[in-house]
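Chemist: As annotated by Swiss-Prot, active site applies to 152, 288, 308, with the evidence given as sequence analysis. Annotation source Swiss-Prot lists disulfide bond at 149-191, 183-224, 282-333, citing similarity to another entry. Swiss-Prot lists 75, 124 with the feature N-linked glycosylation site, giving sequence analysis as the kind of evidence. Residues or ranges marked as motif 'Prevents secretion from ER' in Swiss-Prot: 358-361. Look at Swiss-Prot and you will find 1-20 tagged as signal peptide.
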């Protein structure tokens, strides 16, 4: 019954999101129409803008409207929409929402430190399910929003830990990204980015991670509050890296649990993604941490189900379907380059110190 309710609520979020801000072609045929559209967009998204900024922002908005409009006229497997980022330049968008320069942090931290083992290596590709969706299995919490803090690495880490914890304990618990932002600072850099594998090892060495309720997200670099560690803890036993540049290996991992992945999200098509299988422009300059929570196919195109952390109004209720099995070994947007997942051996967690675990289902 709970799973049916979860699927219904997820479908409702997708429907509500799809019915968001829209426009008529006539509104973009004149300067006056575009100006009215911009004011309507600002009201819809409650975007605060000073009068002094309006002309500059309107110019950016006009450019983005035409990009969305012209892209949607083409016969592509995905669509764009005017979301909350519509009056940001691509550079402003990248600086604010894709600030985790994975390559930079990889150079600072050196080679990967995960186990050289890959526990799913033995899996037979031909026997894997044709599609997997961990949302429908109740292993994914509701979509979260990192805001203008470059903490995507923390959200990616937490999504993977929430998933394996549900799989092992049958309890879905929303965990604290802010604890990682504030406390995992020896090598990761809070709102200035980080690496998911480092965060997994922090959680292991720290004895676990606390809940979202105990240590709520603030979207800023704060001082580590050790007292908030006294709440419920979810533990892991380490992590493993998925063999890089190998989408088949990634498929084996995602078939078994949600996986942290890094991607290049710094394109206008990604900025305004709305629905469908994303085959748009993106490179391999990894700048954003997300989570692969499933895979499938649509009209003959294979895709990854990727959970983002930009709120439910972006994409398909906060998710994007990224094309799967392309010619390049790195995968679309570099999705196969930096994948890792947490290991959890036990089917239980430490006894709660303050009340019971809150099951999100």
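Backbone N, Cα and C atoms are what each Cβ position is placed from, and that goes for glycine too.
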Chemist: Which chain-mates of residue 333 (disulfide bond) that are at least 6 residues away have a CB under 8 A from its CB, listed by sequence?
Modeler: 263, 264, 265, 270, 278, 282, 283, 284, 322
Chemist: Pick the one among the recorded positions 75, 124, 308 whose Cβ has the fewest other Cβ atoms within 10 Å in this structure.
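Modeler: Counting other Cβ atoms within 10 Å of each of the recorded positions 75, 124, 308, the minimum falls on 75.
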Chemist: Should any of the recorded positions 75, 124, 149, 152, 191, 288 have a Cα within 10 Å of the Cα of residue 308 (active site), which are they?
Modeler: 152, 288
Chemist: Could you state the whole-number distance in Å separating the C-alpha atoms of residue 224 (disulfide bond) and residue 152 (active site)?
Modeler: 18
Chemist: If you count, for each of the recorded positions 149, 152, 191, 224, 282, the other Cβ atoms lying within 10 Å of its Cβ, which residue has the minimum?
Modeler: 224
Chemist: With every protein chain in view, what's the tally of Cβ atoms within 10 Å of the Cβ of residue 288 (active site), excluding that atom itself?
Modeler: 30
Chemist: Please give me the recorded positions out of 75, 124, 183, 191 that lie within 10 Å of residue 152 (active site), comparing Cα atoms only.
Modeler: 191
Chemist: Taking all residues of the motif 'Prevents secretion from ER' (358-361) together, what is their mean pLDDT?
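Modeler: PLDDT averaged over the stretch: 52.
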Chemist: Between residue 124 (N-linked glycosylation site) and residue 191 (disulfide bond), how far is it from one CA atom to the other, in Å?
Modeler: 40
